[in-house]
Structure formats: C-alpha cells, structure tokens
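Okay, structure first, notes after.
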Amino acid sequence: MAKTSLKVKATRHPKYSARAYTRCQICGRPQAVLRKYKICRICFRKLAHEGKIPGMKKASW
C-alpha cells in the first residue's frame, strides 16, 4: 500500500506536465494503472470478480 502522502501528491496538478503520473485511486499503486478506470490491474480484477464493474465478465474461449 502506498503512503497517504504519495496518494495526495499524485492528485495535485504538477508544475510541469512531464511530472504527472497515474496512481490507482483505490490502493495508490503506481504501476499497471488502467487509464480508463483509474485503478490498477489488481484492484480491477478484484472489482470485476465481485461484479462491481458493469459489463465486465471473465473471458473464456
């Protein structure tokens, strides 16, 4: 889990656009963040399994 200070820091608008980076809105993880949902792959998978993301279901082929 990320520190609270890092979560707050990520929400602020940076002075230079190159300093901006995505961070998961739920857990604060900086890697593997899905831009469309603004959450990391781990939280995305958890929410999808719980049925909290509409229209999302496990793929099977």
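Glycine too: its Cβ is placed from the backbone N, Cα and C atoms.
Per Swiss-Prot, the feature Zn(2+) binding site maps to CYS24, CYS27, CYS40, CYS43; the stated evidence is sequence analysis.
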Measuring CB to CB from CYS40 (Zn(2+) binding site), give everything in the same chain under 8 Å that is also at least six residues away in sequence. CYS24, ILE26, CYS27, ARG29, GLN31, ALA32, VAL33, LEU34
Which of CYS24, CYS27, CYS43, all binding-site residues, has a Cβ with the fewest other Cβ atoms inside 10 Å: CYS27
